[in-house]
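> Checked TrEMBL, it gives:
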type: DOMAIN; residues: B:70-282; note: domain 'ABC transmembrane type-1'
type: TRANSMEM; residues: B:12-32; note: transmembrane segment
type: TRANSMEM; residues: B:71-95; note: transmembrane segment
type: TRANSMEM; residues: B:107-128; note: transmembrane segment
type: TRANSMEM; residues: B:156-179; note: transmembrane segment
type: TRANSMEM; residues: B:200-226; note: transmembrane segment
type: TRANSMEM; residues: B:266-286; note: transmembrane segment
Amino acid sequence: MTPADGSRGGVPTLEITGAVKRYANGHLAVKGVDLHADEGEFVVFVGPSGCGKSTLLRMIAGLESVTEGEVRLKGRVVNDVEPADRDIAMVFQNYALYPHMSVYDNLAYGLRNRKIPKPEIDRRVREAAEMLQIGEYLARKPGALSGGQRQRVAMGRCIVRDPAIFLFDEPLSNLDAKLRTQMRLEIRRLQRRLGVAAVYVTHDQVEAMTLADRIVVLNGGRVEQIGAPVEVYNAPASTFVASFIGAPAMNLFPAEAEGGAIRVDGGSAPAPARARGAVTAGLRPEKARLVPAGGGLPFTVETVEELGATRLVHGHVGAASFVVSLEAGVSPPGETCAVTADPADVHLFDRGSGARL
Amino acid sequence: MKKVQFSGIAPPLLLIAPQMAIVVIFFLWPAAEAVRTSFFIQDPFFGRAVFVGFDNYVNAVTRSDYLRSAAFTGVFVTAICAISLGFGLLFAVCADEVLRGEGPYKTLLMWVYAIAPPVAGLIGVMLFDQHIGPLVDFFAFFGWELQTGVDYWDTAFAMTVVAAWKQIPYNFIFFLSGLQGIPRSLREAAAIDCRSPARRFWTVVFPLLAPTSFFLLVINITYAFFETFGVIDVMLKGEPGNNPVSLVYKVYLDGFRGQDLGGSSAQSVILMVGVMLLTVVQFRFIERRVHYA
């Protein structure tokens, strides 16, 4: 397990300081980002579309110039280094395989351009192909492969390069749900096995949670929070992170904090004693408990969704819609009831800025 | 597309009849007539036609002026294809670098193609004009006295340049749209795999352009063989004299100037067979190497 700040000593594989990306049309896509990835670490950039996550990844790859700040790979500033000289490998969203080359040539192309001896190329290609179980397709063209197979070839192209860092740009978004889950596991297993650092861009918080050693939540070109998945889940730094990470999303509702409790519509529930006054309170559906009326924040059951393993009870707390996740077979204590929770599970955010209190 | 099922054979036949009539009257019938005429010596003034078998063919291919014209045509066609395809590709690559997604510029560049071919040919003629042609002055600066229409090689040079020049915008447009059809991520993947932009071009971009290139090669060869007639005619001003003529122009000269209908027909049949063979060769040997994504 990596410590909170992710440091393991030594030179980080990737280090980004004060990175800014301004396009020619004046659009500011990345507004000053600092982060780093250590050796063998899996870092996931997650955020909604337009949050700058792909731009940031492309800045690391050298496919976008860096307007301000520095990108370092293994201690070397690479701002002005050609992509081919950066010691990186990238998997693109649409795989970007060379359609006129066989799978073998797709894997070997980058190595041939680096003047690596033929037997060595052959050894690496066959090794990667075996690892990815694409050995029998080596003679085929990408057009004759399925989506999952193409995905493997794209990863093979990265593996043979033996780079300092893997870059993934939403690599699973073109696959169907079942294959996505399977490939997600495979990517993680492969990355662990190779021990190569990786930066992975996704808008899917499940992918972020499952893959990452460290999650970087981006919003509007800025970092909202960096931390291990559990930290981000347990202590979201802002209402944005709180609503983005975790499914179903955290309930956020306006409340009055009065030191050790929050109050909504005459009802109250225990809460951390950190704040007083008008706040935005947050409570995860799976941490909320339904109790008979009067025992907490007033809650009226509107609909119940049966998911098999759990039940989602939809209603309102105050004016905000609210979801409670119950275990299978458990029913709400009544049509009108109340919501309560352990004080440690209640999150408090500044009503104005959305920052964690 | 809406599909319509006709009840009888008559309505569809009736519908394609105009097209078929045009094909028969303007293509098949003259072609058949050319083949027939090539076996006769015909009195141009409505006299008798004498059957001479393959004499016209033998006569055509053994005459030194025919062989000379054939040799010129070979060089002429090769040079036009090389120049117009080469420059078309070069310009397209240059434009593509700056044009990604810039719609109005693309439209502007395509205007060149909208210039009518005869006008373009005439501009070329003026550029090489003995008295007012700036290109003549340009080459004179390097000590080359260009005498278009007088000197065999100078005329050949001017013809080739003008004919190739006319075809460049056409090739440019196709190459440009071919280049813009290559996904950006593919070029980026190549940028990560290969440092040298030139090598990237020849190993990734150019092979992906192969379908476009092959199509253009066929079109350009056809153009150089047949459609350059107008350029040659304009440049020679109807006075072939000692100047180079392509095989197509020679068919016209021998048939309409020389009144040798049989010999001219034999030449055109040879040309027709030659171009057909060339097309077969192209499709068999080049197309096989073309990758259609």
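Glycine residues also receive a Cβ, built from the backbone N, Cα and C atoms like all the rest.
Please treat TrEMBL annotations as automatic predictions, because they have not gone through curation.
What's the neighbourhood like for these features in this structure?
Same-chain residues lying 6+ beyond the ends of the transmembrane segment (B:200-226) with a Cβ under 8 Å from its Cβ atoms: 73, 76-77, 80-81, 84-85, 88-89, 93, 163, 167, 170-171, 174-175, 177-179, 182, 186-187, 190-191, 194, 246-248, 271, 275, 278-279, 282, 286-287, 289-293.
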> Would you mind listing the long-range same-chain contacts of the transmembrane segment (B:71-95), meaning Cβ under 8 Å and 6+ residues beyond its ends?
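Residues 105-106, 109, 156, 159-161, 163-165, 167-176, 178-179, 201, 209, 213, 216-217, 220-221, 223-225, 228, 244-248 contact the transmembrane segment (B:71-95) from elsewhere in the chain.
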> Going along the chain, which residues at least six beyond the ends of the transmembrane segment (B:156-179) come within the CB cut-off of under 8 Å?
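Residues 72, 75-76, 79-80, 83-85, 87-89, 91-93, 95-96, 99, 106, 109-110, 112-113, 115, 117, 120-121, 124-125, 127-128, 146, 148, 205, 208-209, 211-213, 215-216, 219-220, 223-224, 228, 231-232, 235, 243-244 contact the transmembrane segment (B:156-179) from elsewhere in the chain.
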